[in-house]
Amino acid sequence: MSENQDLQQGFLETVKFDEKGLVPAIVQDHETGKVLMMAWMNRESLEMTLERKQACYWSRSRQKLWLKGESSGNMQDVHDILIDCDGDTILLKVSQKGGACHVGYHSCFYRKAKDDLSMEICDTLMFDPEEVYGKKS
């Protein structure tokens, strides 16, 4: 199929979901390009995201749709949705309200390796997860 024919296909038909019906979604800040998180999407969550322009994912642990920010208020307004050349990875460009990470940081990628193989925090703590989600028992 030529690239022009491929572009004429619907976006959803281009996505190659895995055997579990999922596709990885990389989430990037719309203005800075900073990578905020990685999550999984199924067809329903992708359709919802396209329709609402707010990020919705599939929670593998809870086995249900997860509207980002529904508990914390840290919503992701979607500006662009891109697909990679193989059709098996989605890129969402978003405006992040508050922190993207459930442990309170702006990005889930808040730790970096140092030369001595230890780690350091390289991001901003945006909120206290115990205050937002409650204490875990």
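A Cβ is built for glycine as well, from the same backbone N, Cα and C atoms used for every other residue.
Taken from Swiss-Prot, the feature Mg(2+) binding site applies to D84, D86, D88. The Zn(2+) binding site annotation in Swiss-Prot covers C85, C101, C108.
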Same-chain residues at least 6 apart in sequence whose Cβ lies under 8 Å from D88 (Mg(2+) binding site): V15, K16, D18, V23, P24
Residues close to Mg(2+) site centre defined by D84, D86, D88, Cβ within 8 Å: K16, I83, C85, G87, T89
Surrounding CB atoms that lie within 10 Å of the CB of D84 (Mg(2+) binding site), all protein chains: 13
Integer Å distance between the CA atoms belonging to C108 (Zn(2+) binding site) and D84 (Mg(2+) binding site): 22
